[in-house]
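Feature list (source: TrEMBL):
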type: DOMAIN; residues: 23-288; note: domain 'NADH:quinone oxidoreductase/Mrp antiporter transmembrane'
type: DOMAIN; residues: 290-342; note: domain 'NADH dehydrogenase subunit 2 C-terminal'
type: TRANSMEM; residues: 5-21; note: transmembrane segment
type: TRANSMEM; residues: 57-76; note: transmembrane segment
type: TRANSMEM; residues: 96-115; note: transmembrane segment
type: TRANSMEM; residues: 152-171; note: transmembrane segment
type: TRANSMEM; residues: 202-222; note: transmembrane segment
type: TRANSMEM; residues: 243-261; note: transmembrane segment
type: TRANSMEM; residues: 281-304; note: transmembrane segment
type: TRANSMEM; residues: 325-345; note: transmembrane segment
Amino acid sequence: MNPQAKLVFTISLLLGTIITISSNHWIMAWAGLEINTLAVLPLIAKSHHPRAIEAATKYFLAQATASALVLFSSMTNSWYTGQWDITQLTHPVSCLILTSAIAMKLGLVPFHFWFPEVLQGSSLTTGLLLSTVMKFPPITLFFMTSHSLNPALLTCMALSSTALGGWMGLNQTQIRKILAFSSISHLGWMTIIISYNPKLTLLNFYLYSLMTAATFLALNSIKVSKLSTLMTAWTKTPMLSTTLLLTLLSLAGLPPLTGFLPKWLIIQELTKQSMASAATAISLLSLLGLFFYLRLAYCATITLPPHTTNHMKHWHTNKPTPTSVAILITTSTMLLPVSPMISTIV
């Protein structure tokens, strides 16, 4: 892709995100979402491969439908209440339609169908944008309207997303699809708490974005896209593969690592809200995700590909690990000791 065109699309992506997260009017928020969608479509389809074109088409159809529902929800609320302010969403039908629209934007169950296919048809860097930057504006709209949404519906969608994200990721061999189902599972954790403590949802999203960026950039440095090629990574970059193991375990939410912090705080908050059964259910369902994270970590660090004695293997590469990857991996594995400071900010 032409560097100038890529710069225009990147600036448009940032502009759309900033417009949505800083607006109080529904039309401005909708316009920001549309700018975001139009800016990321060429980045998905830039390889001109049939799978990339298919991914861009599916992404456009899903996002256009969701944007239309956002506009319809805001118009319905304005018709009955006379308010275009995002925080003044009070009509029950509008709240229901908006929940469906944001769930489709994010890829929550039952509107998850497009996300794994789109991520599979995109490059790793574009997949990183779709998993982090593109989810920030819808999460912001969820945050601003959280007091109006139905907690029972959100809890049901959250548990379904965590269950399906973990279950569907078990049998995958493509790394991008595994990370897509991982994203769906993490969105369940963010959704279940948004009605009770919206700031915890944002904290979870920030830490998830940090850990996902580290994972995507590490995989992009190793140049792998499926489990069979991930097994050759240890011979090329043993140090990066070791740190990738820690990042994957952090994404799984194991206690000594950063990923344990949001899960711990969410379970604590759910228990305070007399939702111990929901906290137990979502904790048990997250064990499904732990299985495929361990599978990825096992392939990256423990297994070696079968080879004959005359097989030529590319050993240690001289290419240094990018500084951004090193910083992201460090923060996504070692933030738990400063959790008291983070929890006071929240």
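Glycine is treated like the rest: Cβ placed from N, Cα and C.
Remember, TrEMBL labels are computer predictions, not curated facts.
Only residues 6 or more beyond the boundaries of the transmembrane segment (202-222), in the same chain, are considered here, and those with a CB under 8 A from a CB of the stretch are 124-125, 127-128, 131-132, 135-136, 139, 143, 175, 179, 182-183, 186, 189-190, 193, 230, 233, 236-237, 240-241, 243-244, 247-248, 250-251, 258-259, 261-262, 265-266, 319, 321-322, 324-325, 328-329, 331-332, 335, 342, 346.
Averaged across the domain 'NADH dehydrogenase subunit 2 C-terminal' (290-342), pLDDT for the predicted model comes to 72.
Away from its own ends, the transmembrane segment (243-261) comes close to residues 182, 186, 207-208, 210-212, 214-215, 218-219, 222, 233, 286, 289-290, 293-294, 296-297, 300-301, 326, 329, 331-336, 339, 342 of its chain (Cβ-Cβ under 8 Å, at least six residues beyond either end). Most Cβ pairs under 8 A with the transmembrane segment (57-76) among the ranges 96-115, 152-171, 281-304, 325-345 are made by 96-115. Under 8 Å from some Cβ of the transmembrane segment (281-304) lie the Cβ atoms of residues 158-159, 162-163, 165-167, 169-170, 172, 175, 178, 181-182, 185, 188-189, 192, 227, 230-231, 233-235, 241-242, 244-245, 248-249, 251-254, 263, 267, 270, all in the same chain and six or more residues away from its ends.
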